[in-house]
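Q: OK, TrEMBL features for this one:
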- 28: site 'Transition state stabilizer' (SITE)
- 41: site 'Transition state stabilizer' (SITE)
- 176: site 'Positions MEP for the nucleophilic attack' (SITE)
- 229: site 'Positions MEP for the nucleophilic attack' (SITE)
């Protein structure tokens, strides 16, 4: 659905918006054989409904959010079959993630969002994020001068490697104590993020990298191992297992059927 915003009063505090880039196809998952080859990764069935709806359900349960913008490709009307007042779609998808997010930020401004509003950008394929994690990110970053992102401290030993005639060989072992896996959401003020992405362009691998290139140091907020990005075919099975477990132990189930969650909504696995 589409939505026209009403601009806040000048004295109103900054609002919080979510942006879900949803214009890609998930080439790695599709190349290896998807469940529904005609559908992009984010629309693949997962426990009885499209993957992205699990993602949107987590954001729908966050009361601080003023709205959730789903950035889709031009002509993509897949979500029209799942209308909801809790999110709206804008056909602003570009050839890259950075271009898609830029289009979404501009769309927010056109609809009344303010330059100092906060924007939480989240991967559509991170369908295991919890509303508690999103709320924690907001609480940790809303008074920060830069903003931040969910991240997971690397638990495994890291190796550097080289590929040669004998295959892939270890070159060395990296110190891991200061290494984190960047996750999403990534939360920054609208205007600084817009300018950072415009400057770095498609070299931005995520929003935090654009802010880093602009001279900022985003805050890291602990996420969790389950907040992974569904990328390969085997990831669908893992995500399904986690979601099935959650549905069996809480009152939060399907998008559009949300009920007050039990205390374990942050997930006991973290």
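Cβ coordinates are placed from backbone N, Cα and C, and glycine is handled just like the others.
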Q: For residue 41 (site 'Transition state stabilizer'), what is the secondary structure state per DSSP, taken as helix, strand or coil?
A: helix
Q: Look at each of the recorded sites, 41, 176, and point out the one with the fewest other Cβ atoms around it within 10 Å.
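A: Across 41, 176, these recorded sites, the one with fewest Cβ atoms within 10 Å is 176.
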Q: For residue 229 (site 'Positions MEP for the nucleophilic attack'), which residues of its chain lie six or more apart in sequence with Cβ-Cβ distance below 8 Å?
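A: Non-local contacts for residue 229 (site 'Positions MEP for the nucleophilic attack'): 123, 125, 126, 235.
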Q: Could you state the whole-number distance in Å separating the C-alpha atoms of residue 41 (site 'Transition state stabilizer') and residue 176 (site 'Positions MEP for the nucleophilic attack')?
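A: Cα to Cα, residue 41 (site 'Transition state stabilizer') and residue 176 (site 'Positions MEP for the nucleophilic attack') are separated by 31 Å.
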